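TrEMBL annotations:
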- GLY98, GLN99, THR100, GLY101, SER102, GLY103, LYS104, THR105: ATP binding site (BINDING)
- 503-522: compositional bias 'Polar residues' (COMPBIAS)
- 695-713: compositional bias 'Polar residues' (COMPBIAS)
- 7-346: domain 'Kinesin motor' (DOMAIN)
- 503-538: region 'Disordered' (REGION)
- 688-759: region 'Disordered' (REGION)
Amino acid sequence: AAMVKETIRVYARVKPLRRRQQAGSYSVDDEEPLPSLEITVPRDLADGFINNKREIYKFKFQKIFDQEAKQDVLFDSIAKPVAECVLAGYNGTIFAYGQTGSGKTFTITGGAERYSDRGIIPRTLSYIFDQLQKDSSKVYTTHVSYLEIYNECGYDLLDPRHEAARMEDLPKVTIMEDSDQNIHLKNLSLQQATTEEEALNLLFLGDTNRMIAETPMNQASSRSHCIFTIHISSKEPGSATIRRSKLHLVDLAGSERVAKTGIGGHLLTEAKYINLSLHYLEQVIIALAEKNRSHIPYRNSMMTSVLRDSLGGNCMTTMIATLAMDKRNIDESISTCRFAQRVALIKNEAVLNEEIDPRLMIVQLKNEIQDLKDELALVTGKQRTSELSQEELLQLDELVETFLKDNDPDSSLDVGPDMRKIKYCFFHMKQIMNCPVTADKKQDISEQKNSNKEAGEELEKLKGLLQQRDNEINILVAMLKQEKKKAQDALLQLNATSAGSKVLEQSPSMSLEESQSPPRCSSQKEAKGFSSSVPRLPLLSRETGGKMSLGCQEAFEVFKRDHADSITIEDNKHLLKQRFDEAKCLGEKLNEARNKINHLKRKIVQRQIQRAALAVSNPSEEQMFDPVEDNLRIQMEEEKKSYKTVYSHFKGLKVEIEHLQLLMEKVKIKLLKDFEVWWSEEAKKFQQEKPEMVTSPNTGTVSPQFTRSSQHLSTNSSSDTTRDSPYEDPAVKNNLITFNNPTLKTRTPPSSSTSVPLTGDSQADADILAFIKARQNILQKIGKSCQ
Ligand code: ADP
Ligand code: MG
């Protein structure tokens, strides 16, 4: 099979600076053959943390994408070549590595706001489905899977139930190793995706599940690895050879490190990963870079096990080092670059993944047998039944006996080209050899006596030979059984795969027609819509039985107004409306063009009929060429061409609309989730102030989140670094303003709440109190934003 040897390609991408961030000093030099990134460490840093005499660091990359590089450019130069290899039957991997906040998710999945910000995954899906559609020489099947690895546990993000409130609710994925040391992921669903739209829906389903399962406690987005995999199999019609390839698109955990204890005299390389599995990844990479190293410690972590082929194995692998080049992150960026330089040394050997489909093989062999039978019948002139008749058997007995008695050395036994007859003759001869008396009754007894001794020896010899043959047969039968079992296993596996690939039932339908209804304006309806149309939010539904209380809804309205994400939603709504109008316009154009084409067609047919009639009535004037018809044809071709152009534009627009809708859905869910966290924290805070009054079992479940966020507040130093937490999002930071409010930190209960008439029902009381408290905060917030 074809094989491609290649080192891992390593690219760098520098994230744009934010406002108020101090730029680190670096430069990009387009040297030959590879560009280099030069980082200068400022004195103050060099004297302290990086206690190293060097101040200028230089790193080589395949290509360096500086701050202004856009997503489409990255896709074209990084992902497209890999996607092409995957379409040809090779495995591919693209992984993003870098500290939290450096742009891994932005690069792999994309930004949450603009269509043009979509990342490598949606662009690759789009490209792959386009290519598949163009290639009619093969039959393609595509599946996707989405795995999240957190704390050495795997989770299936494509769980369609939408019920996971916590990561632990997602189906657990485990690693299994077969006897050939191949890795299999048990419980990871492979969902079939036949169109770009279906695949995109699955991507968003996974991202939503990921978002919902994240809590401030687990910080999943920075501490987990996410692997989105596109599985492609292809086959030429009629061929039994299947090509199977996988494309892993990997968003790794944040690579941030902590320095070893003890200040001074420590090199950066001694800094320890916060994420243990990245430590194991580094060990694998160090081992791979060493010459003559036979043992590579893939098994130390789930992530390195899953990505084993991508690292030094059968895969075309690409790494993107994401860098945040502001001053405070220079040290982490240098670590990232160092890691990248090691990765660039790793050689992979990608082979064409071809295999024989056992089902098709059986069909093929059956056909071949039938063909051969037919051919045989043709040659012998006889149609065969499987068994010889009694008459034929007797005839053969006689032939064999005559042959045995014949003393002529030239005599031969001719039964014709029929394996069954030949076999039977041997069988009969064996019978005669074993029981010469009965078989050879007519033979002279004295003659028999003479040859008895001789025959005895011969018999022993033959018996030995027979024993030998029996052994051989036994061995062959055992081998055959093994082969058969293998084939069956493969079949089973195949069946299992196709059984597991149910198309999602709950994936939102995105056809243009359906989504054309105008966006709902009534805010109350919208709030309800969140809990019905959108995947149900578990936290909410558990606390309120699936519905928001009125007070909660009201709070949500205010929260929404204040939340930066709603601006995004509004922006996108406008954009969506624009796109709809454009699509409508294009749709009309398409209709027009179609009508024109049909009209021209009719005209051509009319013309042909006229000419045919003319030819009948006036045969001598028959014309071979009709300029009028030709003209009509040219016109029609032109119309068709413009139809195609408009259509492809229309199609692109449709994809964009679908993408925007999914983005909006995601932002809405995030908004609701943020609200929930905020709401329960407010409630919780109130309970902490008045613990003797309210005991609610429900709000107790969120206490760890609260603890976590208050810790975050007290050490709120990272606000302008990119080492982010879930509160990195500026919108969420806005919410924190209320928490930071010093008046709220003093834990005296508001006097008004003590005079509230309580119902005695602890649940209802908790709701009322939480509501009042939340209301006060909202009022404060509103007051603040009005100042
Ligand atoms: P990571 O996944 O590495 O933690 P993110 O991709 O979430 O980092 O990026 C952090 C923030 O920076 C996000 O708000 C993201 O939109 C923004 N960002 C990252 N890279 C870029 C870029 N190249 N252009 C614009 N914004 C970016
Ligand atoms: Mg991320």
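The backbone N, Cα and C atoms fix where each Cβ goes, and this holds for glycine too.
In TrEMBL, annotation is done automatically, which means it is predicted and not curated.
Summary: among the binding-site residues (GLY98, GLY101, GLY103), the fewest other C-beta atoms within 10 A of the C-beta are counted at GLY103. Each of the binding-site residues THR100, SER102, THR105 was assessed for Cβ neighbours inside 10 Å, and the highest tally belongs to SER102. With a cut-off of under 6 Å between the Cβ and any atom of ligand 2, the binding-site residues GLN99, GLY101, GLY103, LYS104, THR105 reduce to LYS104, THR105. Within 10 Å of its Cβ, the residue among the binding-site residues GLN99, LYS104 with the fewest other Cβ atoms is GLN99.
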